[in-house]
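Enquirer: Quick one: the structure is below, questions incoming.
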Amino acid sequence: MGYYSLTETTAIQYAKEHGYFEKKANVVCHEIGDGNLNYVFKLDDGEKSIIIKQALPYAKVVGESWPLSIKRATIESKALQIFAKYVPDYVPVVYSHDEELAVTVIEDLSRLTITRKGLIDGEGYPLLSQHIGRFLAHVLFYTSDFGLQSEEKRVLEGTFVNPDLSKITEDLVFTDPFGHYDTNDYESDLQSVIDELWSDKTLKLKVAQYKYKFLTRKEALIHGDLHTGSIFSSPSETKVIDPEFATYGPFGFDIGQFIANLLLNALSREEEKRSVLFFHIEKTWSYFVENFTKLWIGEGVEAYTKEKQWLPIILQNIFTDAVGFAGCELIRRTIGLAHVADLDGIANKENRIQAKKQALSLGRELIKYEAKCADIQLFRTLFQQTVGGVKA
């Protein structure tokens with residue numbers, strides 16, 4: 001029959017035909033997706049529920065004028081299975097994948113809340129940073145040359161060649177927000193700050209270097225879009241979802257994206273309410289270092305993991321890269337194609353513009369002066385110095 005787009009009715013038919021519900025079951029289906037690239041259906045018969053996710057052959061946010069390969073659904077399914085191999089507690093269960101229809105049937109996580117929404121609503125999620133730090137350490141280590149034999153790594157790397165979605169990252173994170181491109185989207189009150197940003201040749205040179213790192217450093221399997229909208233949370237659980245951007249890339253990329261999205265939430269808050277975000281930023285890094293170090297010492301397969309001076313260099317490089325990637329993400333999410341509710345949801349215009357100016361200034365500083373952030377404490381200092389000097 002070939003590919004066709006599911007509807008709520010045909011999603012029910014698909015689920016019944018594949019044995020997820022009895023033929024006579026009274027199944028309720030709702031399309032619940034709010035993303036840019038897929039349909040997401042929740043199906044429930046009152047006793048059990050599942051999620052059916054289908055990749056569309058175009059970007060919903062733009063329309064059919066932006067075609068995309070549906071093979072990304074297979075990449076997403078494989079990535080979730082790789083993640084589950086190393087950190088099963090932090091990803092949903094994948095029940096099946098249909099490559100022809102680009103359909104993946106996965107565990108329903110309705111008991112949890114999208115982390116971005118929870119943070120905006122004031123939730124703290126005390127275990128978020130511990131779980132994400134551990135998730136990142138295990139996935140990045142075990143899919144790198146340090147935790148995987150080089151032959152196996154090369155094979156796995158080939159599995160995750162993801163040209164369509166990697167091109168989106170190249171354009172929307174590293175290129176378009178730094179010049180006059182039609183994809184950019186911002187309020188006119190920001191124009192003077194943006195003009196200054198776009199005329200900063202030192203900044204552009206640094207961004208060029210980070211784009212080059214993304215293009216060429218195939219260090220480990222990365223999620224590729226690890227923002228707080230790609231994580232479900234509760235006070236006791238954390239689940240990473242939507243790795244359709246998964247590819248081999250730099251160690252620091254996912255860490256930087258996650259940190260940037262915590263910073264965006266921090267910027268949406270009054271100063272005295274930001275401490276929980278810095279707790280998570282600092283703890284994410286410390287848990288990452290703790291877990292990565294244990295794996296390096298106990299599970300390292302590369303000969304030079306036995307050299308004691310090598311690990312500190314690796315960790316410093318990862319952190320420095322993460323800071324720069326975080327800066328790119330801050331700018332992209334403020335003036336690029338895909339914004340975040342943390343900033344756009346600020347009702348008071350003056351406060352919203354101030355927060356966005358702060359995000360742009362902070363992003364610029366993190367990219368240009370990432371070397372100033374030699375450790376997590378200096379990172380916080382740079383935040384305070386930069387944000388404190390920006391007014392609406």
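Please read every residue number as a count from 1 along the shown chain.
The backbone N, Cα and C atoms fix where each Cβ goes, and this holds for glycine too.
Because the structure is a prediction, the values reported are computed rather than measured.
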Enquirer: Since Swiss-Prot lists N38, E107, D108, L109, D242, P243, E244 for ATP, which candidate among K23, K24, K53 does it give for that site as well?
Expert: K53
Enquirer: Taking the Cβ of R332 (substrate binding site) as centre, how many other Cβ atoms lie within 10 Å?
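Expert: Around the Cβ of R332 (substrate binding site), 25 other Cβ atoms lie within 10 Å.
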Enquirer: With every protein chain in view, what's the tally of Cβ atoms within 10 Å of the Cβ of K53 (ATP binding site), excluding that atom itself?
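Expert: The answer is 23.
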Enquirer: Looking at the binding-site residues L109, D242, P243, which ones sit with their CA no more than 10 Å from the CA of D225 (substrate binding site)?
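Expert: Close binding-site residues: D242, P243.
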Enquirer: Would you mind pulling the longest C-alpha to C-alpha span across N38, K53, E107, D108, L109, D242, P243, E244, which the record has binding ATP, in angstrom?
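Expert: Greatest Cα separation within the listed binding residues comes to 18 Å.
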